[in-house]
Number of protein chains: 2
Amino acid sequence: MRVGDLGEFGAVGRISGRLPQGAAVLLGPGDDAAMIDAPDGRVVVSTDLLIEGRHFRRDWSSGYDVGRKAAAQNLADVAAMGAVPTCLVVGLGMPADLPVTWLDALTDGFRDECAEVGASVAGGDVTGCDLVVLGVTALGDLGGGAPVTRSGARPGQVVAVAGRLGHAAAGLALLQAGRQEDAAAWEGTALGEAVAAHRRPRPPYPCGPEAARLGAGAMLDVSDGLLQDLGHVAKASGVRIELDPAAFAVGEPVAAAAKELGADPLDWVLTGGEDHALAATFPPDVVLPPSWQVVGRVVAGEGVYVPGRSSVRGGWDHFK
Amino acid sequence: MRVGDLGEFGAVGRISGRLPQGAAVLLGPGDDAAMIDAPDGRVVVSTDLLIEGRHFRRDWSSGYDVGRKAAAQNLADVAAMGAVPTCLVVGLGMPADLPVTWLDALTDGFRDECAEVGASVAGGDVTGCDLVVLGVTALGDLGGGAPVTRSGARPGQVVAVAGRLGHAAAGLALLQAGRQEDAAAWEGTALGEAVAAHRRPRPPYPCGPEAARLGAGAMLDVSDGLLQDLGHVAKASGVRIELDPAAFAVGEPVAAAAKELGADPLDWVLTGGEDHALAATFPPDVVLPPSWQVVGRVVAGEGVYVPGRSSVRGGWDHFK
């Protein structure tokens, strides 16, 4: 069966039927708008557009993977403010000949990724489109705390990261090298984990509010590559960030993929996006839980500096 | 100059620079998420996806028109809950060869439509895409009132509409009939007003919260055609809605376009979408301000009935 056989309202009904609603959803799908709990009296909101062929490929990722990834990158944006996600709303464009099984898997991916943080898909919009297009918006609640922005880094602070770095980039490199055929055989190995990381990021959601409680000065999620993203912090805060390349733990999947392809694993760690790790600055005397690794420090000046790397390589530009 | 010359971050900066922030925006563009005032402690949220070639054509509508229309249809969804819009966030996909003048006009359209209700574009996402794609999400505040849903219609209530009906459909029909060349010459005439209504809807935003204060039972915005949309109310409420065809004021632009094309103006009034009028049910003894016209009543039963029209024609299905 194809999506076009369902029609617009059939598709909406089918999607809604697979989506349980979380506690924050006071009014779910079926009206002109949803109504979401916002006990803080302020609401955090972030939106992303994902386009087939640019942000994902249907031959490289399943519908379920795309759903999880699309949800994850938006939920991570909310966590990066120090907030707890409450819901997503999703605008979904899809071709009439899209298999309904793919739509179901996509829906389930959204559902399961939201469940990781106690959120849910509270509403959306369905329309026809030659490509699969996802407009995903996440809301979150700050629980009375101040939002952690990009402009709060101060000289003397340490720079720390939580979550994985370079995994998704290593997996993407394997797929780009034409190794998709091998991916199934790699399951359970470090190479397989790299491919899985590209398909399905695992942002460290609880580390966002945790960092806020620990007094983080600045924070963001690493979506375009650590160097590029920390560049935004340096610019917004008017500081210089110095990273210690020896301080980064290179994950086994990253190391294995680098060996397989003859690449420099640190390249992926420093410039690879899409793992949605969190990067934050903290007061120098902070005692960080093990989820956070100190990888550098904030000093006076500008830019992001990594000893031994003459120039900072760029991250992702969606028009290049 | 083309959008690709700006690059992703140049485009983001250019867009942000044209967008003043409203009072509800506590933290605007530049972070992983925006932060919006939600004094009610609940927030209303609605999202829509607009795809070039399906929801708008760049040869029929200017960038400014597309911005106003995309903003309007989402702000109207918030108003239809009885809420006051606070902000939009916008995911924008666009080709690298899109003229920057078009992008600027689009941005200004969003800005001006938001200004109609005191809202603003608080954040967004920019990415490359072969087509112009807009993922628009609107937030709103209920000011302590109950949301007006689709399921609150009860037998005995009257049905009323606020705003224009059939104008956008009449304008679309003129364009579809190949009369685009004439559109410029029609400026200032009733036919020109019909074309303008297609390009730029004018939802009666204040009538949403007004209806909530007047005790509306059910409400929605008319986006897919009055009959189809009232069908949602009838279904969600478990009632039958009977409309009086003689009660509808046929606007001069609708009448003029119908004459020009030899069409039935009431067809457009009853089944044309995209004017984003509001339709609501009210207690029978309500005293309605002149912005609302009573056009029917709620009775026991099911469906939407219009005397003299044997069958209810369909509205819009995005997969047909």
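Glycine residues also receive a Cβ, built from the backbone N, Cα and C atoms like all the rest.
TrEMBL does not curate its annotations; it predicts them automatically.
If you check TrEMBL, you get these features:
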BINDING   A:Asp32, A:Asp77, A:Asp221  Mg(2+) 3 binding site
BINDING   A:Asp32, A:Ser46, A:Asp77  Mg(2+) 4 binding site
BINDING   A:Thr47, A:Asp48, A:Asp125  Mg(2+) 1 binding site
BINDING   A:Asp48, A:Asp77  Mg(2+) 2 binding site
BINDING   A:His55, A:Glu274, A:Trp316  substrate binding site
BINDING   A:Gly124, A:Asp125, A:Arg150, A:Ser223  ATP binding site
BINDING   A:Asp224  Mg(2+) 5 binding site
DOMAIN    A:30-140  domain 'PurM-like N-terminal'
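Structure with TrEMBL features highlighted.
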{"residue": "A:Asp32", "record": "Mg(2+) 3 binding site", "contacts (Cβ under 8 Å, 6+ apart)": "none"}
{"residue": "A:Ser46", "record": "Mg(2+) 4 binding site", "contacts (Cβ under 8 Å, 6+ apart)": "A:Asn74, A:Asp77, A:Val78, A:Met81, A:Thr137, A:Ala138"}
{"residue": "A:Thr47", "record": "Mg(2+) 1 binding site", "contacts (Cβ under 8 Å, 6+ apart)": "A:Asn74, A:Gly135, A:Val136, A:Thr137, A:Ala138"}
{"residue": "A:Asp48", "record": "Mg(2+) 1 binding site", "contacts (Cβ under 8 Å, 6+ apart)": "A:Ala70, A:Gln73, A:Asn74, A:Asp77, A:Gly135, A:Val136"}
{"residue": "A:His55", "record": "substrate binding site", "contacts (Cβ under 8 Å, 6+ apart)": "none"}
{"residue": "A:Gly124", "record": "ATP binding site", "contacts (Cβ under 8 Å, 6+ apart)": "A:Val12, A:Ile15, A:Pro29, A:Val89, A:Val90, A:Gly91, A:Leu92"}
{"residue": "A:Arg150", "record": "ATP binding site", "contacts (Cβ under 8 Å, 6+ apart)": "A:Ala218, A:Met219, A:Leu220, A:His232, A:Val233, A:Ala236, A:Ser237"}
{"residue": "A:Asp221", "record": "Mg(2+) 3 binding site", "contacts (Cβ under 8 Å, 6+ apart)": "A:Gln73, A:Ala76, A:Asp77, A:Ala79, A:Ala80, A:Pro203, A:Asp229, A:His276, A:Ala277, A:Leu278, A:Ala279"}
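A simple way to gauge crowding: the CB of A:Asp77 (Mg(2+) 3 binding site) has 31 other CB atoms within 10 angstroms, across all the protein chains here. As a summary of secondary structure, the domain 'PurM-like N-terminal' (A:30-140) carries 33 helix, 45 strand, 33 coil according to DSSP. Rounded to a whole value, the Cα-Cα separation of A:Ser223 (ATP binding site) and A:Glu274 (substrate binding site) is 5 Å. A straight line from the CA of A:Glu274 (substrate binding site) to the CA of the residue listed as 'Mg(2+) 5 binding site' spans 7 Å. Each residue contributes its Cα atom, and for A:Asp125 (Mg(2+) 1 binding site) and the residue listed as 'Mg(2+) 5 binding site' those atoms are 27 Å apart. Of all Cβ atoms in the protein chains displayed, 22 besides its own lie within 10 Å of the Cβ of the residue listed as 'Mg(2+) 5 binding site'. With A:Gly124, A:Asp125, A:Arg150, A:Ser223 listed as the residues that bind ATP, the site has a largest C-alpha separation of 31 Å.
Proximity to chain B (Cβ-Cβ distance under 8 Å) holds for the following binding-site residues out of A:Gly124, A:Asp224, A:Glu274: A:Gly124. Around the Cβ of A:Ser223 (ATP binding site), 22 further Cβ atoms fall within 10 Å across all displayed protein chains. Across all of the domain 'PurM-like N-terminal' (A:30-140), the predicted model scores a mean pLDDT of 97. Within 10 Å of the C-beta atom of A:Asp125 (Mg(2+) 1 binding site) sit 23 other C-beta atoms, taking all shown protein chains into account.
Here the Cβ of A:Glu274 (substrate binding site) has 22 other Cβ atoms within 10 Å, regardless of which shown protein chain they belong to. In the three-state DSSP scheme, A:Asp221 (Mg(2+) 3 binding site) falls into the strand class. Secondary structure at A:Glu274 (substrate binding site), as computed by DSSP, is coil.
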